[in-house]
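Visitor: Have a look at the structure that comes next, please.
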Amino acid sequence: MKRQFAKIKIAAENLSRSSKSDSKDSELEAIERQVDRYRDTIEKIVRKLPALSGGGGSGSGSSEEQDKRTKKNSHYKIAQALDESAKELPKDMPLQKVLANCGELEKTMAECIIESELETEAKVVRRLKNILDKEIQEISTLKRNVSRTLQEYTSLKRSHEAAIRLEEPAAKVNHIKSQQEECELKLEKERDAWAAQMLELIAKEDEIVSCIRDYVLNQRNYHERALQHVNASLARIQDTIQGTEKSRFGTSLKEHLTSTNREISYIVELCCCCLLEHGLEEEGLLRVGCASTKLRRMKHALEAQHVKTPLPLDYQDPHVIGSILKLYLRELPEPLLTYNLYKDFIRIAERHSEAERKTEIKAILTKLPKENYANLRYLTRFLSIVQQRSALNKMSSQNLAIVMSPNMLWPRIDKSSNAPADYIGQVNSSSAANIIVELLISQWDYFFIGEVEFYLTLQKQKLFVEGKSKSNSSNENLDRNDSEVMESPRYGTLRRQKANAPSPPTTNGNGIIMTTSQTSHRPHAKELFPQQTPEKQEKPAKPPLPNLPQFQSPAASQPTQTQLEPLPPPPVTPAKPVPMTRTQFFGLDNLPSPTADRKSTDSIGSFKLKPDVPQKPLLPKRPTVLGVGVPKADGKSDDEGGTTPTQATIDNGNGSVRFKTEHFLDKLRQENGETNGTREVSSTTKENNHNHDPPATAADQNQQQAQPQVTTPISPNSFQTPKRPTVPAPPPPTNWKSSD
């Protein structure tokens, strides 16, 4: 038991110490650290470089893999987008050619990239990965063997020491010792193999360096191939640009003429020919400006090559064409008379004799470049023709020189310097340029020889759209005296498509409408009013007049015989009784309304408004006698309150009511037995008087007229409520006769 316990103790010690590495000498530790650095470097390079394809690099089976990888490349996707854009454009456009060329270049670049990646995988990544898989893996295996043998050797060594300490038999101690010696020899061999393998890897450092060098060479080859394709594509693009017509505005005259293979600038020829054909008689030609929007529109249309002959209607205004000519000359990088000869022209202008000026100008014109001389000759000939029509266009040679000289000669301006502008020099130079240009226009035959052919590339009489107005000038129709109605010219816009509204038919002096036969001699009348058979429309019958009251009818003004005859009495309808209110019962309806005690200086908010008591209508009283009450001075009776007809109303009705009343009274007297004509109050009359008032007399009536009626004072601060209208009673009969 004691021996077994000792063995278990030794095994436990060995087990606890198995993870601990044996102490190494300094040489192996340094070699191992260097190998670890190599391993880390190679692993990073292999991880970052393109991964190996499944096909194994080059070979017959790698073409499909290469195509798949090419289509996944970003350059190939860009090429597809460029090709799609190029297909949507016409083939004669420079942009379409450039897009197609760039698409081919991007595809080639994608193929070059994939080829470079495959070469990198084959020449660099494969070799580095072989070092990792073989060399580094072998070193790791040897290292594990050394660690295992070292652990075994340590265990045997401790067992030998324990056997000696426990005084084991000699045979057993010798056996353990022999095992220890054999393990030690094995450990030394494995250490040597491990060290040799690591040193071999270190010796292969040149191979690792050569792999990196091959990667760089591969990159150079890729960029060289790509550069060749880029240069070839760039050359084709440059040829396309050279074959394309340059932008006309802001381009040097020589470059524009070279790219278009012309002798005269296209803008100069187009403007001059258009103005020669339609515009020489335009007043203020080349002097009158135009709208900036129309100028910009035509300029950019010419730059975009959107405007071609025949010119559309929007680009036929002679003032716009003249402004385009001046703008083109002004935007040239170098003036038409050049910077080099600027001082010579200024010096010539200082000569006092015109003959000396002409001689020196003719000598200096020979120094102009060929392109400038040809265009100057062409332009000045056109200006001289315009000057010949100065009686119509009001543009003499002096006026033309003032307008055109700033666009043909100006000094060089140094934009880099911060020196102040020489305004005096600019004024002097402009006056000198006016003198030079005026001589070139007025004395054109002296400076130039031969005649100018204006229509070099354009066709005469085909510069404008046929069937439409070829001139939009402002004085086109000033001299017409015909009677035909003309529409106002519309400049730069299409004519109205919608037909105009027809004018009303004309009338003669008597207000009679003229028929189509009377206006048949007028062409515009025929157009507006075509001859048609007029249909007679029947006039509707007049409606019958409304039933008016008898006192408002026209016949009421003159009493007829039928009005004087007795008429049957109208049916008597009793008046509807009006209930008496509480206010009327107590006699409070005639009390004055309380008003606000305020001064003129008080504000509206300094007192409280006291509204008036609502006024109730008076209960109508029946007359004391059956007759019409005597009218008062104000034309109102006591019982009617201004609602029943008064005597004035009867008189205004021209006696119509009076005749009816007399007839009714006569019949009433006959029924009551009143034959003597005296006014006696009957019992019937007294019974009908519910107020039991005595009969009204003339004195009472005068007293009532003199007695003032109590009224409610109305103040501006009181609120009045409208009175309820009273129900008028029918006019009762009277027992008195009229005086007539």
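Cβ coordinates are placed from backbone N, Cα and C, and glycine is handled just like the others.
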Visitor: Looking at THR562, THR595, THR734, which one is marked phosphothreonine in Swiss-Prot?
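Guide: Candidates were THR562, THR595, THR734; Swiss-Prot attaches phosphothreonine to THR595.
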Visitor: By the record in Swiss-Prot, which of SER259, SER473, SER718 is the one labelled phosphoserine?
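Guide: That would be SER473, per the phosphoserine annotation in Swiss-Prot.
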Visitor: From the set SER16, SER353, SER469, SER557, which residue is assigned the annotation phosphoserine by Swiss-Prot?
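Guide: Going through SER16, SER353, SER469, SER557 one by one, Swiss-Prot flags SER469 as phosphoserine.
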Visitor: Swiss-Prot annotates one residue of SER488, SER593 as phosphoserine; which residue is it?
Guide: SER593
Visitor: Would you mind telling me which one of THR644, THR721 Swiss-Prot calls phosphothreonine?
Guide: THR721
Visitor: To which residue among SER503, SER715 does Swiss-Prot attach the annotation phosphoserine?
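Guide: Residue annotated phosphoserine in Swiss-Prot: SER715.
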Visitor: By DSSP assignment, list the helix, strand and coil residue numbers for the compositional bias 'Basic and acidic residues' (659-672), in that order.
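Guide: Summed by class, the stretch gives 14 helix, 0 strand, 0 coil.
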Visitor: Within 10 Å of the Cβ of ARG287 (site 'Arginine finger'), how many other Cβ atoms can you find? Include all protein chains, please.
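Guide: Summing over all protein chains shown, ARG287 (site 'Arginine finger') has 16 other Cβ atoms within 10 Å.
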